[in-house]
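Beneath this line is the structure, given in structure tokens, with notes to follow.
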Amino acid sequence: MSTWSSMLADLKKRAEEAKRQAKKGYDVTKNGLQYGVSQAKLQALAAGKAVQKYGNKLVLVIPKEYDGSVGNGFFDLVKAAEELGIQVKYVNRNELEVAHKSLGTADQFLGLTERGLTLFAPQLDQFLQKHSKISNVVGSSTGDAVSKLAKSQTIISGIQSVLGTVLAGINLNEAIISGGSELELAEAGVSLASELVSNIAKGTTTIDAFTTQIQNFGKLVENAKGLGGVGRQLQNISGSALSKTGLGLDIISSLLSGVTASFALANKNASTSTKVAAGFELSNQVIGGITKAVSSYILAQRLAAGLSTTGPAAALIASSISLAISPLAFLRVADNFNRSKEIGEFAERFKKLGYDGDKLLSEFYHEAGTIDASITTISTALSAIAAGTAAASAGALVGAPITLLVTGITGLISGILEFSKQPMLDHVASKIGNKIDEWEKKYGKNYFENGYDARHKAFLEDSFSLLSSFNKQYETERAVLITQQRWDEYIGELAGITGKGDKLSSGKAYVDYFQEGKLLEKKPDDFSKVVFDPTKGEIDISNSQTSTLLKFVTPLLTPGTESRERTQTGKYEYITKLVVKGKDKWVVNGVKDKGAVYDYTNLIQHAHISSSVARGEEYREVRLVSHLGNGNDKVFLAAGSAEIHAGEGHDVVYYDKTDTGLLVIDGTKATEQGRYSVTRELSGATKILREVIKNQKSAVGKREETLEYRDYELTQSGNSNLKAHDELHSVEEIIGSNQRDEFKGSKFRDIFHGADGDDLLNGNDGDDILYGDKGNDELRGDNGNDQLYGGEGNDKLLGGNGNNYLSGGDGNDELQVLGNGFNVLRGGKGDDKLYGSSGSDLLDGGEGNDYLEGGDGSDFYVYRSTSGNHTIYDQGKSSDLDKLYLSDFSFDRLLVEKVDDNLVLRSNESSHNNGVLTIKDWFKEGNKYNHKIEQIVDKNGRKLTAENLGTYFKNAPKADNLLNYATKEDQNESNLSSLKTELSKIITNAGNFGVAKQGNTGINTAALNNEVNKIISSANTFATSQLGGSGMGTLPSTNVNSMMLGNLARAA
């Protein structure tokens, strides 16, 4: 046990000694490092104080004993420095060695000394001898002295420019005085400039190799989690697109003032291997290549320093480097080239149409992509270096200073590259702008307007089938079509990039003529006075000699003029403000003596002004004033206020082709026919075409251009009080909107159409024609001989006094008339209710289960096989002569029976729908009203009277005597002729149905006969095959009160 105790005590003693030694070593190391850092800072400060006076100068320092004759063009460099105003200083070697030792510039040709920024002649001369690419620029000591001097000046002025870029934003004097981080940055920048000049001599990448590596890079990241889409896009970069850059020194000269031209990837003669930044090579696998190269370098440095190079450490370094390589940076490069390719393909068509602006835009993105590609590649390598160094120094005591140094230098390089990119991109944009200027000078035309012209030509080509069909669609011989070429993003982007937004307009309007499906290239003689001036808001087609369509095919911006001014709002920010001097109306002079169609639905009549919480959206309205001619015209209105002077002819105004708001059409104050005031509610869900000011942003590196322009959108108005007011003159017919409209007729003849929506139409006085159309409408004819058509929906038709024609249409409708005139009530489809007046009414329920009530007067009821279960309630006087016409029934196929007080007729034919006709209270006694139908006539003209039926049912038990009470005529042509005469009389008077319209006089015979034949068809008259023969036997009665009408009507 004592032995183990001794061993343990000895081990403990040794551990404590090792700990003391380690602490002692740490303290020594720490103190040494602190002392070294302190001494370096003191030396830097000492040197800095000595060079305050010269810190902003560049001095060429030459040892007095240095023999420059062995150099390559050395004396030309010295002379060039003198010509450029660079001080040439000959010093003793001892003085130079002191500077080298103090600032570590012994191996550099550029450094900081007590004299300022110093070019060391021997090192520079050795550099030129070493790198033939530079020395060949300078040349030997023989040759054209002037040429050599110029080339020498290029080298030294290039170095000056590099320094200016490196030290941009650093006050060198203050940096030297403070001795802080900015001095370190300056020293690192000077060192960097030396390295950059050295890299001129090194091989650079070629475009083709770079393309391949980017594509391979895409393959690698495609399988990485979350980066699949990025990888696939990178693989789509076109090699040919990159290889055909044609990028010359005129474009890349601003990259570090031309000194670092090797970074621009433009040397076609260089090796196909890719060399980036400080010589790190991108292999075919970009990530792997950079990671491997950087990792190997850093691991070697760790090994030399005696630090760990184990597997975990190497993995940490490699993973850190991989993370530092950003796929998004390469994706941005890919996007530039892809956009260039996309625009380039688009440009081909318009180049053939006379506009090459899209090609110029494509060129910009191509060259910008090349610039971005070079800088991105370099920055990627630098990021990998910094990340790897940071990982390698993790956990090491000496790591932090190394990390700060490397990070600072690589950050500085990246900053220089990023700073240099802007002038390069501006140079490209300026070059393209010069091409635009040259074109305008040559052709004397606005370049961007020419772009709109090309877009319009393409529109005509693409839309020819549609445009040429308008003549037929609107039933006119000629079409005058106005289109607006709206703001174009490519044209706007080109104007922004070149800084020429003030020369651009928000679009351009065009007028084209089509006739017989053909585009008229030139204006025909009779259109020689056509006026279309969108700046004044004037359109004139009054001299057209044919029926004409005036149509705004696309939304047309409000009339007026535009002006623009480009101003700078920030260091890199510019805005081109738009000022619109708008007109307050459009004035259209229409065709004088021919019918025309005016489609204004795409006319923009509201220009957005402002928005506020209290007042909502506010607008400037542009009124439409349209003077029509003497023909029959049609006008389709937009959402703004209008003044229509229709002139002579039958003119129709339409509100249903677009969203025109909730209408109130008022003719109650009219002193002449065709005069109406229209108020339209444009709030709520009403969508209007409104003109708005938008902006497009485009960027040239850091420079951002904002261009304002006019555009339009179809949207809700956003103003609860927004209204439009129309004044209509000499308008014969109005078609409402697709909302709930209210029509108030005049004391003259009104023709109203409700269109869609649940509408209220009131004709007031006059012989009116009202159409409910779709929706659940209410139509009131009031006084006059009116025609009311319910259309679709469950409608209510009130004919009022007069001779009225009411047609319910589809839906469950209610039809009602007043007075003692002649009225036609037709239910149509659906379960309808028809109420006659005290006059002579025609009641035709149509399809469905209908209720028909004729009232007083001699009424005419119609029932057919397509009718459903109808109920007739005729509450008339005993002197009335009511008739029921069975339109397509024969008595032989009808069964009659008494059910309570009702007379019931039903069909027994399988082809019929087995509907039941009930004549209510037929048998009711002790009532002052007569509920019987005096005559029932079948399709063949055979007639049964109420008296016949009464006698039959009174003596029903004696069935063999029934035929003695029937009429003696099996068929009688005079019965049908009499029916036709009665129907013609009712229909002719009802709503003036048979009167010819549109100013003609007399009877419209065709319309009248058509209505009569709808009820009494000649096809149903006197067909002898229907009177007996096979299948015409009687049915046995199962009830003493039931009998076939055919047996009752047939006399022996």
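Yeah, the Cβs are placed from backbone N, Cα and C, and that goes for glycine too.
Annotated features, as they stand in Swiss-Prot:
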- 744-761: repeat 'Hemolysin-type calcium-binding 1' (REPEAT)
- 762-779: repeat 'Hemolysin-type calcium-binding 2' (REPEAT)
- 780-797: repeat 'Hemolysin-type calcium-binding 3' (REPEAT)
- 798-815: repeat 'Hemolysin-type calcium-binding 4' (REPEAT)
- 826-843: repeat 'Hemolysin-type calcium-binding 5' (REPEAT)
- 844-861: repeat 'Hemolysin-type calcium-binding 6' (REPEAT)
- 248-265: transmembrane segment (TRANSMEM)
- 275-334: transmembrane segment (TRANSMEM)
- 372-418: transmembrane segment (TRANSMEM)
Subject >> Within-chain partners of the repeat 'Hemolysin-type calcium-binding 3' (780-797) [C-beta distance under 8 Å, separation at least 6 from its ends] >> reply: 745, 754, 758, 760-774, 803-816, 821, 828, 830, 989-993
Subject >> Range from 744-761, 762-779, 826-843, 844-861 with the greatest count of C-beta pairs under 8 A to the repeat 'Hemolysin-type calcium-binding 4' (798-815) >> reply: 826-843
Original post:
Restricting to the same chain and to residues at least six past its boundaries, which positions have a Cβ under 8 Å from a Cβ of the repeat 'Hemolysin-type calcium-binding 2' (762-779)?
Top reply: 667-668, 740, 742-756, 785-798, 802, 809, 811, 991-992
Original post:
According to DSSP, how is the repeat 'Hemolysin-type calcium-binding 2' (762-779) divided among helix, strand and coil residues?
Top reply: 0 helix, 6 strand, 12 coil
